[in-house]
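Just below is one structure, and these are the notes that go with it.
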Amino acid sequence: DTMRRVVRQSKFRHVFGQAVKNDQCYDDIRVSRVTWDSSFCAVNPRFVAIIVDASGGGAFLVLPLHKTGRIDKSYPTVCGHTGPVLDIDWCPHNDQVIASGSEDCTVMVWQIPENGLTLSLTEPVVVLEGHSKRVGIVAWHPTARNVLLSAGCDNAIIIWNVGTGEALINLDDMHVDMIYNVSWNRNGSLICTASKDKKVRVIDPRKQEIVAEKEKTHEGARPMRAIFLADGNIFTTGFSRMSERQLALWNPKNMEEPIALHEMDTSNGVLLPFYDPDTNIIYLCGKGDSSIRYFEITDESPYVHYLNTFSSKEPQRGMGFMPKRGLDVNKCEIARFFKLHERKCEPIIMTVPRKSDLFQDDLYPDTAGPEAALEAEEWFEGKNADPLLISLKHGYIPGKNRDLKVVKKNILDNKPAGNKKSDLINAPKKAADASNSQNDAKLDEILKELKSIKDTISNQDERIAKLEQQMAKIAD
């Protein structure tokens, strides 16, 4: 016992949270009043997107990060849904592509212009139709390009190939009750879900199998959350039978007992977990709370170590969490939140104060970059790949994003998206066909372009010859 350190050593014991000054907030935003437990906000190194109140439909704002201050009422929105938007998620492999799920039962994928919106956007790149009730969850695959998951109040999870606009996997018989949230694991080979039946399930989506499940993960009746950690364990938040908020850590290989279970407080806001795999810190933002608590996960008891709480006066309606590559490494910033109030969005910056100005490589291990490790077809065929990592030593410089192209196949050849095992066996074949037809389309495009360039050159050649003749005449 004397060997145990009285105070656990951790470089994150002194994480320091601070809200930015007023002029760096986004003001006069009518944040959505929909009663739905999503975070209502999504951010990436270029944009902040916020679900807003919209009459006669659903809309969200997309603001370039630098567009702070008062946002004009007439500022353009993304407004193609006919019902309120419930969830939004930026594509991890393209900072100009965002997906939205709505009460109108559809998922839409949007391409945002490089410098933000100058006009309202009503035309999505693709509309994904397959749910029979409202779609409350959208989540991009972490490592495969153009793979998107959606979950609806029809208790179904659909995984789409956005590049072809098709539903390739439909898990519609695994959940008997409402799905509260879905989380991909680090390489996107598994998902875990928390559901109203108090179960947490670990699912292999391509085999359409439940790999592990835990009944009564938290005994209370209020909503739970479950997310995968980098090491494959699962972190959950929920409520005890006495309505106390709890957090727990589970090993999916043995879900009998939690690795750790902590009681927190009695408050009825759902705890939204935001996880940073590089530092192994989990930030818990309760809806309606005015604080953010953070914990470090380690492999020594008690496994979930409380670090600190950032407190403010105003309760939060929602929260956005910046990916690591969007942070300022020169300021030792390890997390940035975008907290939604009733009428504004306020960035909150978490730093680890250091005396040195040098790059702190212990705070910034290589992190997931914006390149996809796999194409959609490869993933549907059964391949897995970890995220492609980048160094943040010189900060992250956003590259050029390629436009999202959707190559729809002939609808007449298209059977309705199946959800049976036999269809899944055909999925790789479908995916291969899709990739062939995409390749053919690309080839045609290149040949056309080549021909037009050749034509231009021969026209110019003729023109040059004529001009030379005229010059010769004048010279004579």
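A Cβ is built for glycine as well, from the same backbone N, Cα and C atoms used for every other residue.
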Examine the ranges 187-209, 417-439 and name the one recorded by TrEMBL as region 'Disordered'.
417-439
Long-range CB partners for the repeat 'WD' (172-213) (under 8 A, at least six residues beyond its ends), listed in sequence order, are 37, 136-137, 139, 141-144, 147, 149, 151, 153-157, 159, 219, 221, 223-228, 230, 232, 234, 236, 238, 250, 252-253, 255, 277, 379-380, 382, 384-387, 419, 421, 424, 427
In terms of Cβ proximity under 8 Å, which residues at least six beyond the ends of the coiled coil (443-470) contact it?
none
Mean of pLDDT values spanning the repeat 'WD' (128-170):
97
With a Cβ cut-off under 8 Å, give me the same-chain residues at least six positions beyond the ends of the repeat 'WD' (128-170) that come close to it.
36, 38, 83, 86-93, 99-109, 176-179, 181-184, 186-188, 191, 193, 203, 205-206, 208, 368, 372-380, 384-388, 404-409, 414, 417-419, 424, 427, 430-431, 434, 438
